[in-house]
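Under the heading transmembrane segment, TrEMBL lists 15-34, 46-71, 110-130, 137-154, 160-177, 198-216, 236-256, 263-284, 290-309. Per TrEMBL, the feature domain 'Sugar phosphate transporter' maps to 17-306.
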Amino acid sequence: MSSTQQPSSSKKQTLFIASLIILWYSSNIGVLLLNKYLLSNYGFRFPIFLTMCHMSACAFFSYISIVFIKLVPLQQIKSRPQFLKIATLSVVFCGSVVGGNVSLRYLPVSFNQAVGATTPFFTAVFAYLMTFKREAWVTYAALVPVVAGVVIASGGEPGFHWFGFIMCISATAARAFKSVLQGILLSSEGEKLNSMNLLLYMSPIAVLVLVPAALIMEPNVVEVTISLGRQHRYMWLLLLINSTLAYSANLSNFLVTKHTSALTLQVLGNAKGAVAVVISILLFRNPVTVVGIAGYTMTVLGVVAYGEAKRRFR
């Protein structure tokens, strides 16, 4: 009896993990493509307000998932310094998401993903500058094609835009800075939070930061959004789906890591960028060149080599 139950249980576990990976892929790629569609093709040119919608959804769904569904145990903030650390992370996280959304107004998704793939380079730089943590020389050598690939892709990108490129690089650097900062600020056992609880506390702080920023930097956002909602029947539905996918991307990221490993997530992430590029080219018909494809391929291979070198020489 137990021998027949074991294969059945194994199949269910495999199916469950496969479902999580599909959810992770569809959420991440879906929110990226919808961001591009709303910001570039739909006339909704408010990246700060869009990020505020994402953070509002993350705050709401995180509360439901943790407090009511009890997906993970609720972890309390234990001190004022811990709260200030979380608030700092939230502001940096806001900057990375807003920068990424702004860049999508000016750059095609394919090039956005190529630049975003350089996150390990910035992570290594910040880790060295802030913690004096050194890696093996082979690990640093693997970062050369990561950067070189983006330089090559930039030269071969027909839709290259300097402001969009600067915002994309800034967003990538901020994302790397946040991950290193998180390791430093929440390093003690008493302050560590799992990613779902961290999102629960970071999201409302992000909303409080983004509301005045949107009203000041995007002063006509409310009237234009209402006007677009009247013109396009599915405007509000798209915003709702987009915001829900933003939370789903964070949730599936946590679940895939929990049920597989951080290494599996890293490998899936490398493949996700390539899948997103192919889908975006098919959907948005943005022109690509052989030089651009070669540069992006070099960057992805460099990221893979960096991950492997870091694992072997840890």
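Placement of Cβ uses the backbone N, Cα and C atoms for every residue, glycine included.
Tertiary neighbourhood of the transmembrane segment (110-130): same-chain residues 32, 100, 103-104, 139-140, 143, 146-147, 149-150, 153-154, 157, 159-160, 165, 168-169, 171-173, 175-177, 179-181, 184, 270, 273, 276-277, 280-281, 286, 288, 292, 295-296, 299-300, 303, 306-307, selected by CB-CB distance under 8 Å and a gap of 6+ residues from either end. Two recorded stretches are said to be in contact when at least 3 C-beta pairs lie under 8 angstroms, sequence spacing 6 or more; the transmembrane segment (137-154) and the transmembrane segment (198-216) fall short of this definition.
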